[in-house]
Amino acid sequence: MAEESLKVAVRIRPFNQREKNSNAELIVSMTGNTTIIVNPENRSDSKQFTFDHSYWSHDGYREESDGLLVPDGPNSRYASQKEVYDDLGRGILDNAFSGYACSLFAYGQTGAGKSYSIMGYGPNRGIVPIVCEELFNRIQQNTDQNLTFQVSFSMLEIYNEQIRDLLNTSSSQKSLQLRQSPSMGFYVQGLTQIPVGSYKEVEQRMKQGTAKRTIAATNMNETSSRAHTLVTLTFDQLYGEVQSNGSRKRSVINLVDLAGSEKAGQTGATGDRLKEGANINRSLSALGNVISALADGKKVVPYRDSVLTKLLQNALGGNSKTIMIAAISPADTNYQESLSTLRYADRAKRIKNKAIVNEDPMEKLIRELKEENERLKLSLQSSELPPNVDGRNISQQEMEKLRAEMREELMAQMKANMAEIEAQNQQTFNTKLEAARKEAAEMAVRSTAQEDKSGGTIKNKPYLENLNEDPQLSGIIKHLLVHKTTGFGRKPPVEQEDKKQKVHWITIQGLGLADQHAFLIRHGKSGAEIEIRVAPGASKLTKVNGIPLKESTVLKNKDRVLFGSYQLYVFHNPLDNANLSDEVIDWEFAQRELARASGIDGFDGKPKSKDDVVIQKQLLELIPMVGEVNEIAEELDKERSFDLLLIPPTAQGLPYGEAGATKLMIRMRDSTTNHVWLWDREKFMGRRFVMQEMYQNYLHDIKKKISEEDDPFVDSLDDKLLGVAPVYLQALGYRLDVDDKLSVMSLEGEAVGTLYYQLIPCTRAGKPLTELSPAERIHCDIVNDPNELLGKPFHYKILLSDLDLNDEYGGVQVRIRYRVFKETDWTVVNFPIDYFRSGATIRNLIDHSRVISITQVTFEHLNYFENSCVAFMVYASQSDDNKRAAGAASKETNRLASSVRASRRCSTVQAEECMDMNRMKTELCLLQRNLDQYAACHEKLKSMCEEWSKKKANGDNFEKLLGALKVMVNQKQFGCALKAGGRSRRSRFSPMPNISETGECD
């Protein structure tokens, strides 16, 4: 049995609209099967990878009248959906008919184009639908009467390590169990396996599964990019009859759309005590570990670490012909994620599989399954525990629980074996196929009846259409608005439950929804005017075009409507001729609109920098999630509120030279104690999933006691950051003293206190230069050009004299942390506990001083003085002993909109204003110094003129006058001149060819 490498293909998509708006740069190129990615920060740094296929789908295409994308000419290198299918999909079909197990899985960052390659959109169908259609086309071409075919279809989703059956028509969302048997390996107990006899039936079932995904994602606020979707076709070719030595050739075709890969090392509450958060990425992380182990040839492969890897065990390193398609973004802003995907794919191509044809005599297969069931019956009748369980150290209650679990496992295996035996009978399969077709027909009739009840089809009727971050799930839910009044909410009014409804009611579920949430009312003879009227108490939870709806408004075509925190729709009204538009409204459009309405800057035009592009992307992702956890906290009475903070590099206290970018943090506030916690994105994402689980248990009345250790709303207390005072250093470049006060600004951009500080050029011993004698100062005076400091020693003193805080912090430990230049350790200034107590007697000033010594000034030091700062970060301790409930903010005032608006206000704006203010102060100091020197020069000249005007005008006196003038001009104090216009924002310090070493200021 020959080994075969896993086949790997990489595909690059076009720029999306966000990337176009931000003038994103292309960092990926392809030549043949080679893919090259360039580091946008260092163009000489490139990485090269070779795969089985490198598909260029970035440009070189045109759109046909039906929307199909095709190459724009004979020389175009554009890889269309047809080309990808021809290379990959046909091979899957050929292997399936040969009896091999086949697997195709798509990997990559969210939005990189995975789903487009796998499923496709509109006329640009992906590999999965084309494979399904071609499978039945080939079956139709069969002429062998002794050969019959059976095809079964299943569709499941793995979300947070929970398995959901997407074809189960029950409203229950109960997770399915993963079992293991000797004959079948890992399988999903109770998974719906639907017999299908045509591509149309497969297509109908795919729509059914997609609709269930959409409803679950909408009702439960789940993000589909973090769910894996697994479509499985079980394809049997039956030769002859069971009784006459017939045989079966089986191919299991797994088609997997994996969750967004950028979550695989970035989420999961790393370092957080709450380990449950790791469920978010357990599947992707485990898949990466499995691929690495297989690529390195390790004997122990961790398949059992996640649900996904258990199900894909055969596809990876087993009996399967496997293809991986990796999707990457072309944009420089996604460099790290794209590089990670390419490395992941590069490891995967080293995996070796040993695929065999799965063909067995049916009589032998049935006999083995029956024999296995007999063994299972004997085990079931026995009361013995499994041999791997030591029953000596467990209680009777635990023993009974183990026995019950063992019985359940054995029964599940027996049931699965019986289903497998029945599947060998063509008559049984045909009976199930007819039943499945009957069910599908009944579903179609119910759908038609619902449309008739609602007033017919969508054509020429107003309706609401859902939006979802996954384009596949957008437009799946459509609510017709054909009645006089249509109500939306969790349940209809009580008076309507037993009477003929006057209001057509549409039940919607989810966070932030009232029982009676909103009403849409048709006006006019044609009903072309649709008014949306918010129910009492739901005004803040209903938004139109991002703006909370106070009472009512008339909807216009393409208006966006948000019910609660996640039910997002676009209003379509073909009857509104005055407002018909071809404008495309998608999820991102609506989220940007909500962000603008929440007061977040930067969403009105193009992003100003690459940093802004990244922040915008994260904000669009996190804004609805933060709104969601606020609603969960309120529903569960957790006394917690959450908001977003944008923390600029200035407020992070980063060492000089460390690349700084605005950081997005999530703040949790205890509304009873006013304690706050700052979480990074990764920690928040991990805890959010546990919060969702708690909420689902609450909805289903599952009483599960949660300790503080496992409660995602509980975290250990750290010092609270009160604010930051960034002190800029331009004055040091001119040896100027600074004695000033600076506002301590909170992360919301509000002044919370005042810091009194000094920056004093000094000697190594800390003696200020202003206290030196004239003889000592001759080489330590103020300089006109910072370049004059190059190559010389330089010392300066940081002195903190006092800190005033607007609020009372008596009995609380307040401290300042800061670091200078490239220091990694913090300098900490602790205040006495009673320093800020109200009514305290006159306190001693803190008088913290520290001398910073530079052995030899370099260009790096000059750039540090000119463009950087020392961020004095003011913290207050938090503990259960110093709860400060005074004026605790209400839930409403802590809501997302105001907090985000405030945090944005203090981000780059505050930093730039402080820097400009400090620069202006420095320039004013220099100007004042020059004016003083010019005044002194003027007085000196005036005195000389008066003195020499009394002397005789002869040659000797003229020579003496010139000599006196030369002495005065050559004196350093009269040689200053500040360049017109001041110094530019970013100084360029050029080397001094000859620096005269006239002395040192040491």
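The count begins at 1 with the first shown residue.
Positions of Cβ are set from backbone N, Cα and C atoms, glycine also.
According to TrEMBL, the protein carries these features:
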type: DOMAIN; residues: 5-351; note: domain 'Kinesin motor'
type: BINDING; residues: G108, Q109, T110, G111, A112, G113, K114, S115; note: ATP binding site
type: REGION; residues: 983-1002; note: region 'Disordered'
type: COMPBIAS; residues: 993-1002; note: compositional bias 'Polar residues'
Per-region confidence, the domain 'Kinesin motor' (5-351) (mean pLDDT, whole number): 87
Other same-chain residues whose Cβ falls within 8 Å of the Cβ centroid of G108, Q109, T110, G111, A112, G113, K114, S115, the recorded ATP site, in sequence order: R13, A106, G260, S261, A327, S329
Secondary structure at K114 (ATP binding site), reduced by DSSP to three states: helix
DSSP state at Q109 (ATP binding site), helix/strand/coil: coil
